[in-house]
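K.L.:
Following this message is one structure expressed as structure tokens.
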Amino acid sequence: MTISRIRRIDNTYQAFLTLFWSFNCISLTYATPREIIGNNSDELQQQNETEVELFQWQDYSVLATMLFISCAIGVFYGYFGEKQMTGDDFLLGGSSMGTFPMALSLAASFITAIELLGNPAEMYVAGGQFWMICLAFILVVPVTSQLYLPVFMRLRLTSCYEYLEVRFCKFMRVYASALYMMQMILYTAVAVYAPALALSDVTGLNTYLAVSVVYIVCIFYASQGGMKAVIMTDTFQSAVLLGSLAAVLALGVAQEGGSDSIWDYARRTERLHFFDMNPDPTVRHSFWSVVVGGTIYWISMFCANQASIQKYLSVERLSQARVALWVSAIGLISVYSVNFATGALLAAHYEGCDPIQAGVINASDRLLPLYVVRQLGEHRGVPGFFVAGIFAASLGTVASALNSLSAIACQDLATGLLGITLPEDKGAAIAKWVCLGCGALSFALVFAVERLGPVLQLALSFNGMIGGVSLGLFSLGMLFPWANAKGAIAGGVFGLILVLAAGGGAQFVQVPLPRLPTSTESCPVSLNLTTHVAINSKENHDDAVFWLFRVSYLWYTSLGCVSTLLIGLVVSVITGVTDPADVPIDLISPPVVNFLNSLPIKIKKALRIPTRMGSERRRSSSVRPPSLADDKDTRRRRRLSELAGGVFYSDAPTLTRGHDNLAMGLESEKLTPHEHKRTSFKLDPQLNTPQTSTC
């Protein structure tokens, strides 16, 4: 190791220690005692009059340790691990990551601090209907692993939106990439700021400093260690997250005298009502909106989200990614179940004194932090452990987002839009600087989300609106070989307009949310009980509000996806459908190929489907062995594509598209010069991606 590198690491270490010292000092300055709520009014009033220090040195030590280890992982992979030279080394971890770490990282990127605070609050305020989202996690895995995952694993495209250029045109690639960048930059701002604000109101931690620490730590290890650091840090942070949730639940149940009384109270107050079968789409949480709408939402997160697909490509084999999907689904179900059990605990604890109506807190996402600090604060280190878990969730979300944004900026904007060819030996260095820039931009926007409404609903709405359109575009290309570029453009634009109208209108009218009855009978007289909270046990069906603005936010993804598909198919039919024989086999989902292959010959002719559409005559790499002129990333992608059954890198470029498409099992035909020009399909050796015309 060179002296300059040692000095850089030493300076980083000193700066990190200075940051934590400032964090501790400033946070202690802002810590102020607040009202305490519990079951015993006299004891609470006594405690309320006594100034208490919210965070002890043990709490700060636990939090600092978690952040320090996260940074240390980034230092290891950035300075001591295997040297990262190419863009794939930095963005995909060289496709050499293990199955279990990738699975935990995948789950950690979906478990945001918003969910950790919002799910218990949802159980407290409205009941456990939203827990049925766990069924969606089970339904999503087979859909993802069979319909969409094989396509991405065969293509091995660093940016998933490159698919839209190969399948349709360059405009669709840039359009979807721009939507994703806007979505993730805003979403990360919400995912960091909202929990930090909730923690600040209850624990006294300075909001701006907490947000700054999360971003500084996250940008540091994500930009230094790349995908390897992101995945391994997520694995560590998953343990912190799960441990903190389990500790809070275990201590809380013991303090309440066991789980029987907690679940008995939940049953008596109708918080265990899971099967609301009302088909009305304006019902916020029903069985249909949560399970059906939630399934479509999570399919978009698993199948049309760059951060997820990038992690799939960090492993070698398709089988590894499929196992990781099941592991991540089990992890999500576990976390959500613990969260809702914690919500039942909060409901039982605050049975006689609702802190929202009492004026102690002004939003439901403050409930869990309030309980942890006030009721479990006597256990030294537990509040710090809880806050460390919240910070871990924020770090995991932001780190995955920054890595994916770096891939989008390098592949789609620089190479795809501007035509800039990034040198292979500088790919990792360029990606690091792009990662830093994306983090700075997200941080600059973080305080613009302060007054945007309920954070859980807002966060899911953000992803749902954009994710539904992206899912519709990928589905249009993978499931319908007849769709053309004009249909994709029309569907993508119309779908976006529709969901923005629904989500924007709902944000503007602010329809009151349903709320289960609570009590303030046992509250201390010193508390401010003048706050009025509207109690709505039923949905608000105000006919004065346009129905589209009252549609449940869980239907936004379905709305965007279905409208994109329908308009895309209609416009494709009107403007002239694509000949399925002109679509490369790897661009079509394998189950769709099998289904079309099983159709009667008469139907095939009517649909213009080749007689023997399939992969029986796939060629191996021995026909066209890798060239010495190919760069490292290209050779790696070819090998991994073939492991997944891909043909893009194993067949000659002119044999992967058109009527002379051996990969599709078609007989060779004699084409006219005009037809040959129309159906040719070439690979640019510099870009490693198929070139198509712009729309």
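Using the three backbone atoms N, Cα and C, a Cβ is placed for every residue, glycine included.
Bear in mind that TrEMBL entries carry predicted annotations, made automatically and left uncurated.
The feature compositional bias 'Polar residues' is assigned by TrEMBL to 686-695. Taken from TrEMBL, the feature region 'Disordered' applies to 612-636, 672-695. The transmembrane segment feature in TrEMBL is assigned to 12-31, 60-80, 100-118, 130-153, 205-223, 235-254, 325-348, 385-409, 430-449, 455-476, 488-509, 553-577 (among others).
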K.L.:
Can at least 3 Cβ pairs under 8 A be found between the transmembrane segment (205-223) and the transmembrane segment (60-80), with each pair 6 or more apart in sequence?
P.N.:
yes
K.L.:
Please determine whether the transmembrane segment (60-80) and the transmembrane segment (235-254) are in contact (criterion: at least three Cβ-Cβ distances under 8 Å, sequence separation 6 or more).
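P.N.:
In this chain the transmembrane segment (60-80) contacts the transmembrane segment (235-254) - 3 or more Cβ pairs sit under 8 Å.
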K.L.:
Please give the sequence-distant neighbours of the transmembrane segment (100-118): residues at least 6 beyond its ends with Cβ less than 8 Å from one of its Cβ atoms.
P.N.:
190-192, 194-195, 198, 230-232, 234-235, 237-238, 241, 245, 301, 307-308, 311-312, 314-315, 320-321, 323-325, 327-329, 331-332, 335-336, 339, 364-366, 368-369, 389-394, 396-397, 399-401, 454-456, 459
